[in-house]
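According to TrEMBL:
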- 24-44: transmembrane segment (TRANSMEM)
- 50-68: transmembrane segment (TRANSMEM)
- 102-122: transmembrane segment (TRANSMEM)
- 128-146: transmembrane segment (TRANSMEM)
- 158-177: transmembrane segment (TRANSMEM)
- 189-208: transmembrane segment (TRANSMEM)
- 220-237: transmembrane segment (TRANSMEM)
- 243-263: transmembrane segment (TRANSMEM)
Amino acid sequence: MNKYIIYFPFGYTFLSRIKTSSKFISFLLTIPLPCFLFFYFGLLDVEARTLSLGIVFILTYSILYIFYENGYVENDIKTVKKEVNPTLRIVGELYNYIDDNYYRIIIIRVFFYALSLYFLSFFTIGDVIVKVVFFSIATSVIYFFHNRTRNAMKVFTFLLLSSSRFVFPLMVFSSYITTEKIEYIPLSLFIYTIPAFFIYSAKTFTIMQFVIGHENKYKLIYYASTCIVFLILYYLVPSIDVLLLMAAILFYMLLLISLKKILNK
């Protein structure tokens, strides 16, 4: 794979964590797509659901991800040098290339970020641009502490980072969301962040290893149970449509996990 894709959104994630096209598609189906579905069909009123806004959301998500990936790069190239038994996601020639050109890579990625923001400004309101910058900086601040923490506090910074992949893109478009629906944004954490947080915390807390057990089995139980919970909540409060959408997304995640389990056999 061409090493120069690291300059673009999702490129470094592909090279360091995903590595295959099938897993990249799985990644898109697991995180960006559910986030988009929750925003477009759960938080927007019907009249606000335009094709142009949907495209702008996707572009904005990609732009925000640039700073999220910058945190990956720092962790994999710089932070690992300070660890005793580091997890090496990048090795060999590619590691040497990124290490030797670290600051140039970050500068070019930030330049691409600024250029993308300028392009985006022609298709959305200024409020969105300001929020993109704010939440990009917030992501960098969280990563600053995450990459320098080596104790139980890292579980907390992981929760913030994992939450940012859903909450930050949604908050960027808060101007398009009615006041009564903004309060539903935290529900997005049930889609990916909460189960991922418990799995990650099992690395630090022994009791969580007992609770989680087998990762795939835990995910199946989690998505099945939360889907049922949201269906019950919708039955009790049918006026809140987002509860039904949450149940549908969680059921989709359940099917996705089941399909992965079957394909990996």
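The backbone N, Cα and C atoms fix where each Cβ goes, glycine too.
Long-range Cβ contacts of the transmembrane segment (50-68) within its own chain (Cβ-Cβ under 8 Å, at least 6 residues beyond either end) map to 9-10, 13, 32, 35-36, 39-40, 44, 109-110, 112-113, 116-117, 120, 123-124, 128, 132, 135-137, 139-140, 143, 161, 164-165, 168-169, 172-173, 176. Within the chain carrying the transmembrane segment (24-44), a Cβ under 8 angstroms from the stretch's Cβ atoms is held by residues 10, 13-14, 18, 53-54, 57-58, 61, 165-166, 169-170, 173, 176-177, 181-182, 184-185, 187-188, 191-192, 241-242, 245-246, 249, 252-253, 256, 260, all 6 or more beyond its ends.
Long-range contacts of the transmembrane segment (128-146) within its own chain (CB-CB distance under 8 A, at least 6 residues past either end) are made by residues 56, 60, 63-64, 66-68, 70-71, 74-75, 113, 117, 120-121, 153-154, 157-158, 160-161, 164, 168, 171-175.
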